[in-house]
């Protein structure tokens, strides 16, 4: 980690614990629900409401959190989010009540949504420019590790009496420790400058950079802020300084994170694998732990090499490989001729209760139907979800489940060739890996870089709410669309979206490696930033920028 001070790395790592907590909470619910549904005798509708309550909290926080982050600071927002997670989890422990579960999960939803925005912004603002990619991507790495921990905890407490309480309780000490540790870390120096506290900002920068003189960096930050501080929320939609274009780039990137199908393919991984001939237990364990491990393993190189390779390159590689693996998956499924929805319907009610096609048809538009339709979406948000449902199937394998035998008989009637079976699994895992080096971590890195500091929190919050919203829409239509056109055509549609995202990245996403946040903002404010690589003349500009900014500062004085 040459060039990145120990204190900076430690501060980023403590902030990135938010990612670990978020991944854990997202991966946890399916295992916990299995036990809660029997203990509390929950109906399917009630289970669906519990699952979707986290999504409501997250949507609410993504709409309001940006204001909090820009007004009170990034560090404080992370402390509030961690505290809220602890409170939400504590609410869940002593009571065995359906209403309490909803309140607790909603608090946790608000917490993980707020912390995910604040953490990306905080790390981007304290990181040195040549190590920013590594430090911001730490958050994504922590998310996928959190998901893996959730699977392990689902396994560990599956047969323990009231095991779900232990599952929820495990995060309490970690959340409390993060809140306490964040209190002792410095605020973002850019936020301090924004609040006209230059002296404190200088001290923080000297601590973070382990230098006795941070005047140069402070001058750059101050000068760029003079231009940017006057931004209001509506400026995100105006053409001044290319703000509208920057916002559209951010929103489109988030759109592709969702529409390349990762959340759905992952969510239904075990069903997809079952449909190509894997037996129940084998399919479930491969889908959950296998996919979890692949996500972690492939996020590691993306995290450690992003500063050398660049986020744009990783996005291009990821989108290309996703397209290839999706075509393979589509062709394999075309040759198997499996009725995917029949496999879905053959599950028992506890197994895959979130996947019953009935849940996805909102007929009279009542609130109950809406809840039912939204049930799956909690796990499908933020690119990080792995197939929790796989866990459900896996855990149900230990209980007498009527659905299991029906699936078995359905599969036995059409034996799938071994080569196709393994090819399908391989292409699924390659697809997951490609997402984990590309759109997974890199989209959030780019989003934390392209907006001016004075409005970064609100801009990230807007893209985040778009993320949750599109996610909801796509997960509502997945089963209906699959039933209409078949799984292979769904894969082909996702292939087209992956190729579209590749074209979008090549044309519109700037390469930002090695640039400071101020350089990025100055370049993006120019009219034709799309035409030239952002740091093509980086060496020359690094000498020029401080001089230009100093000149501008004198003129303004």
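Our numbering is plain: 1 for the first residue shown, then up by one each step along the chain.
Just so it is clear, glycine is given a Cβ too, placed from its N, Cα and C backbone atoms.
Keep in mind that TrEMBL annotations are predicted by a computer and have not been checked by a curator.
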For the transmembrane segment entry in TrEMBL, name the matching range from 422-447, 526-551.
422-447
Listed stretch, out of 7-29, 49-69, 487-509, that has the most CB pairs under 8 angstroms to the transmembrane segment (76-95):
7-29
For the transmembrane segment (313-332), sequence-distant contacts whose Cβ falls under 8 Å of one of its Cβ atoms, 6 or more beyond its ends:
256, 260-261, 276, 302, 306, 420, 423-424, 427-428, 430-431, 433-443, 446, 487-492, 494-495, 498-499, 501-502, 505-506, 509, 511
Mean pLDDT, the domain 'Major facilitator superfamily (MFS) profile' (11-513)?
77
